[in-house]
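Chemist: Here it is, the structure in full.
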Amino acid sequence: MKNVDLVIDLQFGSTGKGLIAGYLAEKNGYDTVINANMPNAGHTYINAEGRKWMHKVLPNGIVSPNLKRVMLGAGSVFSINRLMEEIEMSKDLLHDKVAILIHPMATVLDEEAHKKAEVGIATSIGSTGQGSMAAMVEKLQRDPTNNTIVARDVAQYDGRIAQYVCTVEEWDMALMASERILAEGAQGFSLSLNQEFYPYCTSRDCTPARFLADMGIPLPMLNKVIGTARCHPIRVGGTSGGHYPDQEELTWEQLGQVPELTTVTKKVRRVFSFSFIQMQKAMWTCQPDEVFLNFCNYLSPMGWQDIVHQIEVAAQSRYCDAEVKYLGFGPTFNDVELREDVM
């Protein structure tokens with residue numbers, strides 16, 4: 001059954017994945033929402049009434065009116081404290097009829113130890129330094145005496161997550177029982193470990209194939225990929241690496257905009273001109289069906305319409321049939337427009 005819609009970032013992150021995930025969840029009424037987040041990324045959604053969610057653990061799709069399951073994949077790295085905070089903040093949505101399932105092989109973050117292990121790279125490569133990489137490395141070491149790294153083991157002595165951690169069989173059965181699934185990717189394609197910006201990158205690939213694997217979703221279940229992009233791509237502040245040869249680094253003053261801050265570290269973001277080359281590479285690897293172009297409010301109608309055209313030309317040049325379907329003009333549900341309504 002092809003019933004999984006996957007949201008994925010086509011640039012360097014911070015393109016509005018949280019916004020479009022919340023928007024689609026409210027519009028389409030998915031019964032299951034799933035992700036494999038790490039603490040190095042935050043996802044924000046503001047609904048039509050102005051209520052705000054900033055998640056580092058839970059999917060933003062929990063706002064779906066038909067919600068039955070919230071699932072955290074094996075590729076997740078999460079803080080138990082943060083998970084509890086997010087559940088408490090949305091307890092009106094996560095009622096008794098909603099099941100929260102944590103994959104037994106999800107990684108549990110030791111906030112103090114794992115963050116401390118990343119102090120050096122936080123400055124040398126512009127990492128957020130939240131401990132994601134250190135936690136993953138500890139899991140990869142596969143120490144049979146370590147009972148503090150995967151959710152299955154931690155649940156044996158930490159009752160806060162014991163009720164949520166399932167077996168692999170229960171995980172698979174939950175996916176099979178789902179009617180419509182919204183899967184939420186994190187970070188951005190160009191931050192992928194195996195793309196060209198290594199070592200100024202994240203600790204995994206940010207592609208559809210990787211996220212489906214991290215969520216335990218079989219490939220035949222994929223219905224469509226919704227790619228997200230912004231008119232002016234950003235990178236985190238500091239020594240966060242280079243950019244594509246057809247783009248230049250800009251200033252927020254040049255754009256006439258208040259400087260944006262990163263969701264997690266609150267650093268001023270670096271901002272760039274749009275890259276056709278970046279979009280070609282993302283289209284080839286990610287093969288989105290639909291695109292959400294965000295931050296159109298930073299440009300005139302002629303400006304963002306030109307970028308819409310560039311995105312679709314880039315797609316066609318890489319054997320991809322993607323169309324720009326959604327446009328973002330601000331941070332809330334009310335600021336998302338269907339392209340057909342404004343062009």
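Each residue's number is its place along the chain shown, starting with 1.
Placed from the backbone N, Cα and C atoms, the Cβ positions cover glycine too.
Because the structure is a prediction, the values reported are computed rather than measured.
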Chemist: In Swiss-Prot, the residues SER14, THR15, GLY16, LYS17, GLY18, GLY42, HIS43, THR44, GLN187, ASN294, ASN297 are said to bind ATP. Which of GLY73, GLY75, GLY256, GLY330 is said to bind at that same site?
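Modeler: Given SER14, THR15, GLY16, LYS17, GLY18, GLY42, HIS43, THR44, GLN187, ASN294, ASN297 bind ATP in Swiss-Prot, the matching entry from GLY73, GLY75, GLY256, GLY330 is GLY330.
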Chemist: Determine the most Cβ-crowded residue among the binding-site residues HIS43, ARG269, using a 10 Å radius around each Cβ and all protein chains in the structure.
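Modeler: Most Cβ neighbours within 10 Å: HIS43.
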Chemist: Find the shortest Cα-Cα separation between THR263 (Mg(2+) binding site) and the binding-site residues GLY16, HIS43, GLN187, THR202, and name the residue that gives it.
Modeler: HIS43
Chemist: For GLY18 (ATP binding site), what is the tally of other C-beta atoms lying within 10 angstroms of its C-beta?
Modeler: 27
Chemist: Are there any residues in the same chain, six or more apart in sequence, whose C-beta is under 8 angstroms from the C-beta of THR202 (dGMP binding site), and if so which?
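Modeler: In sequence order, ASN40, SER132, GLN187, LEU191, SER192, LEU193 meet the Cβ cut-off.
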Chemist: I want the residues beyond SER14, GLY42, THR263 whose C-beta is within 8 angstroms of the mean position of the Mg(2+) site's C-beta atoms, in chain order.
Modeler: GLY13, GLY18, ALA41, HIS43, THR44, MET54, THR262, VAL264
